[in-house]
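Here is the structure we will look at, set down as structure tokens.
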């Protein structure tokens, strides 16, 4: 009896290492953490840099007024200051970050009601905000740029050594990046933390998606598992920005990042318990070369759709909060909540179409999704307040959910159909496409907005999505590799063969004793 009790934890660990569902949980949590950290900085960084740097710029002016003026500013009669972001008044002693007093050397009239102040007061510091578009865009894009550089090495690496080690390396780097965000007080340190996040995200995303594709070999089950895993991505996008804005407003800058660091520790402990290094067979190291996959036109079409659809929301991350600050006089907490409809709709879209796309046709879902992305982006500049952003942002999130949940399984399907069923490289390509969108979007958006304005930027990226959408028709019936050769030699008709998995019974790649029979579930 005593031996049975002592052996129970070992038995549970052994069963857990052979469970596909726990692997799905690990990938879900990893994507959740990555995307919470991705979006939690969206409302924090613009306000934090404004509070620190713009305040420092104006502090030199504070020393300019005469002694009598300074005394008058501290007197009870003139102890109120106007916030040009949320049209509220407060005492100078109750100054919090992101509130800037009128310090031009003259005494402003007492403000008693927000409605009595002209609306153009919310445009104070507009030159600084326009300059911040570029710097914040580069900061946000640095994560995707670094991820873009690392992905081509991570994909083949997972084919060689398996998925456990890259997943755990990704966890450690993400944990370090989260701590750096918590305690960084300058733009340079924030930039380093963001680039570190890109490295960790590359390891976690490529290894996680490749792991799911290896474990779930059935096309229907794979689509469902990918939809659930992308739900973790969606949930991270859902709670990241609102969570960051609320915690920054009422607790402080470090608090959301410390909570995410604790979540990273939980994910690392879960990985350490249930994931073990793969027993890599010689055939698993003979996957299709990355360059060969990049020459496949069908993989390129799918990757282009992923890139352009996600570029739409990537452009909004640095530009929408600043546009709201300039045109809507929005307070800090609204800057994060503006992304809430998109995140909720993305969560619904990924889970709904992870199952429906297999019945409707994944190519059709991706085509409709890209058109919807374009239309939603065209409607964003029409909003005059945060309530006007609900519809366009919700449509954008739902449409991107359609595209991602449809095209991620297609990437694995194309490798099974046209190449060798080793998935590290193809999901590295998918992640590269995602990263290109999140690299080009914020960086170019931050540069273009001061030149042509935010509305025209939305028109351009929305139109590009609509124009690209018809290319998804090529994904309807992609030919198998043997069919392609036969078609070129005119030796067989062009009908598409029925899709069959090359290795229908694939051993669980992460089990400690993969030779032992047992249930996968």
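The backbone N, Cα and C atoms fix where each Cβ goes, glycine too.
Positions annotated as topological domain 'Cytoplasmic' by Swiss-Prot: 1-21 (among others).
Taken from Swiss-Prot, the feature transmembrane segment applies to 22-42 (among others), supported by sequence analysis.
The topological domain 'Lumenal, vesicle' feature in Swiss-Prot is assigned to 43-135 (among others). In the predicted structure, the topological domain 'Lumenal, vesicle' (43-135) carries a mean pLDDT of 48.
Residues or ranges marked as N-linked glycosylation site by Swiss-Prot: 58 (among others).
The N-linked glycosylation site annotation in Swiss-Prot covers 87 (among others).
The N-linked glycosylation site annotation in Swiss-Prot covers 104 (among others).
Per Swiss-Prot, the feature transmembrane segment maps to 136-155 (among others). Among residues of the same chain six or more beyond the transmembrane segment (136-155), those with a C-beta under 8 A of the stretch's C-beta atoms are 38, 41-42, 45-46, 49, 166, 187, 190-191, 194-199, 201-203, 205-207, 210, 290, 314, 317-319, 322, 424-429, 431-432, 434-447.
The topological domain 'Cytoplasmic' annotation in Swiss-Prot covers 156-164 (among others). Across the topological domain 'Cytoplasmic' (156-164), DSSP classifies residues as 7 helix, 0 strand, 2 coil.
The transmembrane segment feature in Swiss-Prot is assigned to 165-185 (among others).
Feature annotation from Swiss-Prot assigns topological domain 'Lumenal, vesicle' to 186-194 (among others). Residue counts for the topological domain 'Lumenal, vesicle' (186-194) under DSSP, helix first, then strand, then coil, are 8 helix, 0 strand, 1 coil.
Marked as transmembrane segment by Swiss-Prot: 195-215 (among others).
The feature topological domain 'Cytoplasmic' is assigned by Swiss-Prot to 216-224 (among others), with sequence analysis given as support.
Feature annotation from Swiss-Prot assigns transmembrane segment to 225-247 (among others). Sequence-distant contacts of the transmembrane segment (225-247) (same chain, at least 6 residues past either end, Cβ-Cβ under 8 Å): 20, 24, 27-44, 208-209, 212, 215-216, 255-256, 259, 332-340, 342-344, 346-347, 349-351, 353-355, 397, 401, 404-405, 408-409, 412.
Across the topological domain 'Lumenal, vesicle' (248-253), DSSP assigns 3 helix, 0 strand, 3 coil. Feature annotation from Swiss-Prot assigns topological domain 'Lumenal, vesicle' to 248-253 (among others); the stated evidence is sequence analysis.
Residues or ranges marked as transmembrane segment by Swiss-Prot on the basis of sequence analysis: 254-276 (among others).
Taken from Swiss-Prot, the feature topological domain 'Cytoplasmic' covers 277-296 (among others), and the record attributes it to sequence analysis.
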| query | Does the transmembrane segment (254-276) reach the transmembrane segment (420-440) with at least 3 CB pairs under 8 A, where each pair is 6 or more residues apart? | reply | no
| note | Secondary structure of the topological domain 'Cytoplasmic' (216-224) by DSSP, residue by residue, totals 6 helix, 0 strand, 3 coil
| said: With pairs fewer than 6 apart in sequence excluded, do the transmembrane segment (395-415) and the transmembrane segment (22-42) have three or more C-beta pairs that lie under 8 Å? | reply: no
| field | Feature contact check the transmembrane segment (363-383) with the transmembrane segment (195-215), CB under 8 Å, 3 or more pairs | value | no
| task | Return the stretch with the most CB pairs under 8 A relative to the transmembrane segment (395-415), choosing among 333-357, 363-383, 446-467. | result | 333-357
| note | For the transmembrane segment (446-467), out of 333-357, 363-383, 420-440, most C-beta pairs under 8 A are with 363-383
